[in-house]
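All remarks here apply to the structure that follows.
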Amino acid sequence: MAFGVEPPEHVTPWFKPVYEATFQFGGVAWTLCYILIAREGMRTKSYGMPLFALANNFAWEMVYALWVVDNAFEKTAMTIWMLIDTPIIYSILKHGVLEWQHAPMVSRNLKSILVGLIALCAAAHWSWQSWWIGNEMGKRDDLEGADLTQMAYWAVSMCQFLVSTMSLAMLCVRGHSGGVSWMIWLSRFLGTLIGLNMNYAWAYYTWPEAHEYFMSAPAVFVWGVTTVCDIIYGFVLYHVKSNERELSDGRKVAAEADDEQVGGWSKMKTGKN
C-alpha cells in the first residue's frame with residue numbers, strides 16, 4: 001500500500017526498489033507457503049494452518065482485496081491467496097475431525113466454527129480499516145488522508161503474530177507434523193522476515209519520520225515475538241519429526257500415541273463405531 005507514495009528528496013533513491021523487492025519476495029514466499037500447506041494437508045490427511053489463524057488470514061485477504069488495496073500486485077496476491085486458501089479450508093473440514101477428537105464439540109461443529117470465525121475476523125478487519133481511513137489516522141503533511149502504509153503494517157503484523165504463535169502452539173500440542181513440512185516453515189519464516197519485518201525495517205532506516213511506528217514498543221513486541229516463535233518452530237519441528245510415526249494411509253501421529261488412539265482415528269475416518 002506504499003507503492004504509490006513518493007518519498008521526499010532526502011530519502012535515498014534506493015528506497016522504492018528495495019522496498020518493493022522485499023515486499024514482492026514476501027508475496028511470492030507466502031504464495032508458495034499456501035500452496036505447500038494445501039498440498040501437505042491433502043497428503044497427510046491433516047491441515048497445517050491453525051483454525052483461527054486461517055480464518056483471520058482469509059478474512060483479511062477478503063476485506064483488503066475487495067475494498068482497500070488499489071495496487072495491482074497487492075490485489076492480485078491477495079486474490080491468489082484467497083483462492084489457495086480454498087483447499088486448506090477443505091482440508092480442515094475433511095480431516096479436522098481427526099485432529100479434534102479430544103474436543104468432540106469442536107470436531108462436530110468445525111464448519112460452523114470456521115464460518116463464524118471468518119465472519120468475526122472480517123468484521124474486525126472492516127472495522128479497523130473503516131475507522132483508520134475515516135478518521136485519517138497517521139495523517140502527515142506529505143499525505144492526503146490516512147497513512148495506509150501504517151494501517152497495513154498493523155493489520156498484517158497482527159495476522160503474522162497469530163500465525164506464528166498459533167502454529168508453534170499447534171505443533172507442540174499435536175506432537176506430529178501432519179499438514180506441515182520444512183519448506184512450509186522456511187517459506188513462511190522468510191516471507192514474514194523479509195517481506196514484512198525487513199521491508200518495514202528498511203523503510204524505517206531510510207525514511208524514519210514516516211515509519212517511526214516500526215520501532216514503537218507495541219511494534220517491537222509484535223515483530224519480536226513473531227520472529228522468536230518462527231525460529232523456535234524450526235527446532236520443535238525437528239524434534240517432532242524425529243519422534244513421530246507415519247501410518248499406512250499417510251497420516252502422522254505423535255510418538256506417544258497408543259494403538260487405541262490410532263484405532264479411534266481410523267473409526268472416526270471410516271465412520272465406524
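Each Cβ is built from the backbone N, Cα and C atoms, and glycine gets one as well.
Residues or ranges marked as transmembrane segment in Swiss-Prot (evidence: sequence analysis): 18-38 (among others).
Taken from Swiss-Prot, the feature transmembrane segment applies to 49-69 (among others).
The transmembrane segment annotation in Swiss-Prot covers 78-98 (among others).
Residues or ranges marked as transmembrane segment in Swiss-Prot: 113-133 (among others). Here the transmembrane segment (113-133) has Cβ contacts under 8 Å with residues 51-52, 54-56, 58-60, 62-64, 67-68, 89, 92-93, 106, 145-146, 148, 151, 154-155 of the same chain, all six or more residues outside its ends.
Under the heading transmembrane segment, Swiss-Prot lists 153-173 (among others), citing sequence analysis as support. Outside the transmembrane segment (153-173) by six or more residues, the chain places 49-50, 52-53, 56-57, 60, 64, 125, 128-129, 180, 188, 192, 196, 200, 213-214, 219, 222-223, 225-227, 229-230, 232-233, 236-237, 240 with a CB less than 8 A from a CB of the stretch.
Residues or ranges marked as transmembrane segment in Swiss-Prot (evidence: sequence analysis): 178-198 (among others).
Summarising the annotation, Swiss-Prot assigns transmembrane segment to 217-237 (among others).
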Interface-richest range of 18-38, 49-69, 78-98, 217-237 toward the transmembrane segment (178-198), CB pairs under 8 Å:
18-38
